[in-house]
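Listed in Swiss-Prot for this protein:
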| type | residues | note |
| --- | --- | --- |
| COMPBIAS | 502-515 | compositional bias 'Low complexity' |
| CARBOHYD | 124 | N-linked glycosylation site |
| CARBOHYD | 259 | N-linked glycosylation site |
| CARBOHYD | 421 | N-linked glycosylation site |
| CARBOHYD | 528 | N-linked glycosylation site |
| REGION | 469-525 | region 'Disordered' |
| TOPO_DOM | 1-209 | topological domain 'Nuclear' |
| TOPO_DOM | 318-321 | topological domain 'Nuclear' |
| TOPO_DOM | 374-625 | topological domain 'Nuclear' |
| TRANSMEM | 210-230 | transmembrane segment |
| TRANSMEM | 297-317 | transmembrane segment |
| TRANSMEM | 322-342 | transmembrane segment |
| TRANSMEM | 353-373 | transmembrane segment |
| TRANSMEM | 626-646 | transmembrane segment |
């Protein structure tokens, strides 16, 4: 050990060279760890059909079979499958599924104990579906255009009668309220689960053992420097008191004698304690103490290097403010020791005091950094806020979820309940002879949202049948059924009836320029509930009057406090201001509620992740830039001082 101390005294550049070599080794280890980072072997994905999560290999993230519904999940950018599936067009490859017929619940029995549609309309709907399923186009390249025109032709041929149209619209409006309550409850539950998962993932980061060991070594190095400084003050205190004893005031000699007696008692206790230890251990401890006292600059350099290595190896995920503060304090300690090395004998007393204070603070910060290895797992208490009309409703629902819970069952299956007063509504609607055409009917919007395969481009549904895009029944009463090939060619019907709706005529010309690709009639079903695109839920609120009811129900429902109940006997005359505007929840919430909430034009693998984009505030930006910048500045200044020291010693 003495030979090593002699070599270090004669060749001080070796200390700096060792520090530089250690820094290079730590940087190389960090670069090697980043370069050899392994990719994930497995990935959690979400089924597009049943909305169930499962774990698949990373290479099969876009081509896998769901273990729950046995459906293949692998899509291209245009929404089609990324491989051919023969079972879609070959009947012998499909296997039948048999199940017992469930008993019809009592809630599905109507008030008048009859079906929703009459016998004639029910048969017409069956014929319409069969003819649409057996459609064969003239040209395969124009399949989309021909199926649109043929669907329009069937809708004009098989129309609903006036009472059935009234019953269907009333039932759809009632079911719309039930589904809206169910979707609200589902969205609130998913938001709460996502918040809990985010808090759990944020605060459950474990600290490695080697990182804790580096922080402990940093604290021990600083504690050793503080102990050496305190021992130096204790050794100098008798001489100071001896110079003061030459004064004239006698009481000071008495105080000095008392202090000397206390010091003697403390030294005796320390000697007794040291006598209990083995002599070899005491000798090694004294040798270590003497070596550290003679090379305090090396100890401080080791402490700084250990602190910076721990910060760099921890990574940006575990970067804390206390680590940045500790690195800055270590830099100040190194600066004071460098100043002492240059001043050598002419060291002022104030510099010693400042150095001791900085070293003590650095020791306390290092102890706090070594002890505080984990963050608190307690969740912050949610603060109640008042909802404003211009704000985002997602935050309001997160804090006030129980107040707006829908009174529907928590089961996954949804059983619609019959609308109230259906028989009275039918009698009232049969007595009316005028019909008010609504600008955008709800069946058309539901048909665009709940569709088997291709979403039609029809924007209006003013007639009395389930499919959208036809003329009102009052205007088409005298016109004969038109041939769908004449509609395809663009010719007008011979009768003086009105022309087809602009959406149908526009669909023939607008889709001709698009990419014509043959695709099956029944493609994977889509449920689009984003109110912004399809306008499934109307936003304006209009009062509903029972004194003069229109022949068909208005499309705008007043969303008041009783709108969530399954049975509503009558509507109030007042226009109640709802807690939220209809459709605003689905327009402002950018996060999809599940895989089935995405339309066909979504990109591939959009159903396997929930991306939440949020704009960080100025506090988050300050926290992300200030502390890494402070750490970088500390490291840069430290390397600059080391380079200057090496230059002046080797020159």
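Glycine residues also receive a Cβ, built from the backbone N, Cα and C atoms like all the rest.
Break the topological domain 'Nuclear' (318-321) down by DSSP state and the numbers are 1 helix, 0 strand, 3 coil. Classification of residue 124 (N-linked glycosylation site) by DSSP places it within a helix. For the topological domain 'Nuclear' (318-321), the model's pLDDT averages out at 79. Under 8 Å, Cβ to Cβ, and six or more positions away along its own chain, residue 124 (N-linked glycosylation site) finds 158, 159, 160. Beyond the topological domain 'Nuclear' (318-321), the same-chain residues lying 6 or more positions past its ends with a Cβ under 8 Å from any Cβ of the stretch are 205, 207, 211, 311, 369, 627-628, 631.
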